[in-house]
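So the structure is just underneath, and the comments pick up after that.
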Amino acid sequence: TLLLSEQPQLVKAWTLQGVKFSTWMQLCQVVEQLPTITVQTAGPVIALPFEGSFSMRCEAKGNPQPVYRWTKDGQAIDPLFDLGVKKERNNGSFVIHSGRLAQFQGMYQCYASNNLGTAVSEEIELIVPSTPKFPKEKIAPIVVKEGQPVILECNPPQGIPPRKIYWMTIGLQHIEQDERVSMGHDGNLYISNALEKDSRRDYCCFAAFSVIRTIVRKTAMSVVVKSCRFTYYTSSACPFLPMEAYAIPERRPSLLVPSGVQSEVRLLKGEELVLECIAEGFPTPVIEWTKRTEKLPKRANLKNYGKRLTINNIEEEDDGKYTCEARNSVGDTVHYFNVMVEEPPRWQPEPPKGQLAVVGSDVHIKCSASGKPRPVISWRKNGQPLDVLDDTIVLHRARPEDSAVYQCEASNRHGTILANANIMIINLPPRMLTKDYQRYSVVQGRDIIMDCKVFSSPPSTVSWNKDDTTESVEGERFSVFKNGSLQINQAGKEDSGEYVCFATNSEGKSAITALLDVKVSLYKCAFIIRYFLDDGMLQIINVNQSDKGTYTCTARTNLDQDTASALVTVLDVPDAPEDVELSEQKSWSVRLAWVPGDDHNSSTTEFIVEYEESQWDPGTWRELQRVPGNQVTALLTLHGHLNYQFRVYAVNGIGKGPPSNPTDRYKTLPAAPDKNPENIQIQGHLPHQMDISWEPLLPVEHNGPGLEYKLSYRKLGVEDIWKEHLVKRHAFVIKNTPTFIPYEIKIQSRNSHGWGPEPKVVTGYSGEDLPTASPQDVAVEVLNTTLLRVSWTRVSLHFLSLSQVHWLRKRSLLHSNRIPEERHFLTFPGNRSHAMVPGLRPFSEYRLTVNVFNKRGNGPNSDPVTFQTPEGVPEQVPILTVSNAQRDSITLVWAPPFEANGILTGYLLQYQLINETLAMGDMQEVNVSSADTTHWLLQGLGEMSKYMFYLSACTRVGCGPQRMEEGSTVTEASEISEAVNTSKNFHLIDGLEPGTVYTVCLLAKSRLDNASIFEDVIQTRVKGKREYLHLGVSTQGWFIGMMCAVALLTLTVLIACFVTRNKGGKYAVKEKEDLHPEVESQGMNDDTFGDYSEENPLKASQCSLDRGMGGDSDYGDEEECQFNEDGSFIGEYSDHKNRGSVRPSPVTA
């Protein structure tokens, strides 16, 4: 976008404000545009595992259409080839889908380019959080004497905030807290003086992360408090003394948190300030908070039994020294907090804007940012760095090739902001943006504006002619605006006609025609109404000061009237202060006085004093001081060698009022600098050099001409003589330094009038090198099945290092075959010589190596060490099911554990009776000595009794966790047949009692849950009767009649066939049946129906029952009667050679 309206001194006829989008698009097709990023992802982006996808947005406009590229961590990438994601077709955006997100973590930046330049997005950080975990560790019990302090460290893992810490027991009961026992802001639990009741074995620290829905627990800690008051023997801890001598000795307070006498606290404006003092001593100390030289802010809150001071939304005035004092009857102790409120970079007053300039002109691009520490300004052109140290770029006698997108980046330790400024250097003849022959209509006596929007460089001169005349329209009623539009005030009939707008510059000329029709009004209004009355309510729109006063409402009837009055007070921002004067003028200070303006019914809360100086930033007003609303003077402290002027404006509850008129100029005398550079940064990017940078003084802080800095340095504890360099920039590189050596550094400012104050000395290190040595004598000590202690000989280093322990699981000792390698590592700070390795798998073989590394890279690995973890207890069995419940027995079925963690020796089965009140009976125990056993029949149980069963798998080491299951015995025993042949669709049940109701169930032999595949209720026939009971439609009279008719018809057909057979011999079909008998029929005759008689009419399939067939009927179509859904499941576990009988349990009819 060509931001023409943002350069006031150039905006004339070609200003683009108010241009319709369609007109702007026509211009874009003709005039080339620099790329401008319009949409970008606001970082950081947190990739939570339960979210589906994450968008990285980057859209830009320009002419020609921009092309896009991305960088990740400063390196160019292609999203398709490097990340495996596809960019969108018409922009640079891409979407990352959930999966292996770790590879996507990093800092991303988008570049949009065309042949004119390159626009750059702000950096977008993609964070892929890992699951927070406490390390697995064995914590020794803490043993203290009564009255001594105790600190239980939580050290919670890092994770996505917010994070909440809780101290509870293993049973999830909160640890009671009070003035003596409390949790600190760091998550640790502090006991100021231990009592005997504090002894317990299950102090647990829980960390909850609500965003990722995770709660983790640290290993339980044990505290043992020893008391001598009830000890009747002598020991080193409790010598023999009279009983009255064993009272807890009084002790003066000392601080557990924080350490030392003074702390420095830096935080950002708007954050929450948290200061905490936790003291130990006896009696329990009391904490008191104060702020030096003034009272605590009203927003201050005391929490955690007075030990924690918090201030929400901290401001600059909250800077200063805070004091906490811990006091008891024996004495007191004090700690000082030096609180400094800082700010991230922000544009002051706004980011640099795009400009359009003619060839040969001077272009100034200014980039001002504020923050604390003061931001460092850096420049880029089309994404490429520029060697410009100032906050302003000046293009002298600009040329077309200077057209580009200039990026300004302001950064301090709290963040970075980036702005793109499109600078277009072009000469272009006038191009009309308003439609030619546009028609306008206006009522006689009203005002009319006719548009003539034009784009050109340099700016065009616009004139209007009427009805083909050569002279421009003129007069009091005609006005030509800067954007070229013509306004006619109080149009008359004589103003109707054709108007021509001419636009001319040094590159050419253009014109359009506008048609105006002035019409006679049919309506007249005497005045503008601002008052509306609706159903007894008076509404006033566009309220101003003239509306204040008393309003009276009168309600009348034929018999009576009533009135009510209301006083309306109009509130507004305060008027500008008057009579602003300077007094008490000194070299570097002055007193400012003023007379307040009208506050418009809202009391003035404060006055703001601003200054403007003519040397470094002329025309820019900056805030200097704020004064309470009840004061009308201010003593201003000034810098030297500046030419000031001042103004004041008032603030009330409505807002800020207009500023006063500025004062006369006041010039201060030059002087030596009154401060030195701050925020000294010492880094070693290369092994044999040291990079030093600092925050330079602001231009207004120079106090005089010729500012420069004296950099002094020497080796810490080795050299006495300082080496010095005078520099004008705010960075310096010291080369040929030894590797990783501590240095003392100080920086002092000076100008032509003298030196600044004595500087502070800071300490830093020269550059470090890549590690070349590996740890030696690596030894391991297996502490238990999952924990290992590894030790090694320290490496002699000349750099700041960290240690890494790598281990991989090669195989399980339970199986000879190898398993996929599981690689793990842990990082430990400092040049250590030992570490604890948790999370190992029992009964496994591992390989372990150790190395050291620093920010330059990894050092070589040590020689590998192979070790084995001992056998452990098995995991919990995955399933335990109660099956085949009888009157006095139950069958238990289970599956072996997924991880045996050793050689499985069997199972421990325990059970106990549960009564109606859920009380438990005596525990019974059964040892299952075979590891291959997965079911067990428990006999001798009580009828209609409920039991709780516990099963755990065992190795030679012991038994693992239990799996619990509940089950009950039944009142009536059921009978189960042997396996049913699934090649048949029926099964014969004999031995039933006549006239008895039975429940028939079909079960799968391998199922663990006793679920029926088929279940029905039937009643056997009484001897001598043909009918039988069946629950279904067969009990209906119409159905019985229909079936009798079918039987009669079938009998008739059979008789006819019999007669025909005797006459004509055998049927051909019958011959084939005799020659080729069906295999299934043979099986039925030989095996299944050997004992069948009319006295056993029960059919084996559900189909025969549902169809209501009699005892002599056929068994029906075999295909229709198969159990299609579960037949294959049954067949897998059935025995084709056994034909068992079933004796169903009788049901009371």
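Backbone N, Cα and C atoms are what each Cβ position is placed from, and that goes for glycine too.
Sequence annotations record features per position, and here TrEMBL assigns compositional bias 'Acidic residues' to 1114-1123. Per TrEMBL, the feature domain 'Ig-like' maps to 35-125, 132-222, 253-335, 345-424, 430-513. Positions annotated as domain 'Fibronectin type-III' by TrEMBL: 576-671, 676-769, 774-872, 873-974. If you look up TrEMBL, you'll see 1076-1149 marked as region 'Disordered'. Residues or ranges marked as transmembrane segment in TrEMBL: 1038-1060.
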What stretch, picked from 35-125, 430-513, 576-671, 774-872, 873-974, has the most CB pairs under 8 A with the domain 'Ig-like' (132-222)?
774-872
What are the helix, strand and coil residue counts for the domain 'Ig-like' (35-125) according to DSSP?
9 helix, 45 strand, 37 coil
Stretch-averaged pLDDT - the domain 'Ig-like' (430-513):
90
Could you give me three numbers for the domain 'Fibronectin type-III' (873-974), the DSSP helix, strand and coil residue counts?
0 helix, 47 strand, 55 coil
Per DSSP, what is the helix/strand/coil residue tally across the domain 'Fibronectin type-III' (774-872)?
0 helix, 57 strand, 42 coil
